[in-house]
């Protein structure tokens, strides 16, 4: 039985992808908590994002959406039961092309006003609820 000359390269590529997936899964399990509620302030310019992933943040800090962009913030504990806001999340169609999209919220209480924390195309975001 003959193997193609591409077979070793295929094995190398699959091995690299497997390691990358396992490493990402381990990292994902390490950062606990959720981003704190966003401050309701106005942004007066476009700030450069300070992070795009929790793993760019030191220690237990998480990469969170803040007033004018993203920054590393101390997480809040989400083990306490949280009141859900009324209404349901809108149905989102499509598929995210990002490997690890950033969640801008984890629970409804992290969203201002009547907004709810809903699954969007890429990660969770605060959205206006749909009236039932």
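Note that Cβ sites are derived from N, Cα and C of the backbone, with glycine treated the same way.
Features as listed in Swiss-Prot:
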DISULFID  35-64  disulfide bond
DISULFID  43-68  disulfide bond
DISULFID  51-63  disulfide bond
DISULFID  57-72  disulfide bond
DISULFID  89-118  disulfide bond
DISULFID  96-122  disulfide bond
DISULFID  105-117  disulfide bond
DISULFID  111-126  disulfide bond
DOMAIN    28-76  domain 'WAP 1'
DOMAIN    82-130  domain 'WAP 2'
CARBOHYD  77  N-linked glycosylation site
SIGNAL    1-24  signal peptide
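What Swiss-Prot annotates, mapped onto the structure for a quick look.
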residue : record                      : Cβ within 10 Å
35      : disulfide bond              : 26
43      : disulfide bond              : 10
51      : disulfide bond              : 18
72      : disulfide bond              : 17
77      : N-linked glycosylation site : 8
96      : disulfide bond              : 13
111     : disulfide bond              : 22
117     : disulfide bond              : 23
122     : disulfide bond              : 17
126     : disulfide bond              : 20
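Restricting the disulfide-bonded residues 43, 51, 57, 64, 89, 96 to those with a CA within 10 Å of the CA of residue 111 (disulfide bond) leaves an empty set. Least packed by the Cβ count within 10 Å, out of the disulfide-bonded residues 57, 63, 89, 118, is 89. If you take the C-beta of residue 68 (disulfide bond) and look for same-chain residues 6 or more apart in sequence within under 8 angstroms, you find 43, 44, 45, 46, 47. Annotation for residue 64 (disulfide bond): same-chain Cβ neighbours under 8 Å, separated by at least 6 residues, are 35, 36, 70, 71, 72, 73, 104. Across the domain 'WAP 1' (28-76), DSSP helix (H, G, I), strand (E, B) and coil residues number 6 helix, 12 strand, 31 coil.
Taking only the Cα positions, the spacing between the residue listed as 'N-linked glycosylation site' and residue 105 (disulfide bond) is 13 angstrom. For the disulfide-bonded residues 57, 96, 105, a Cα to Cα distance of within 10 angstroms from residue 126 (disulfide bond) holds for 105.
Within the set of disulfide-bonded residues 57, 63, 96, 105, 117, the entry lying nearest in space to residue 89 (disulfide bond) is 117 (CA atoms). Residue 118 (disulfide bond) sits 8 Å from residue 105 (disulfide bond), taking the C-alpha atoms as the reference points. Taking the Cβ of residue 105 (disulfide bond) as centre and 10 Å as the limit, one finds 23 other Cβ atoms among all the protein chains shown.
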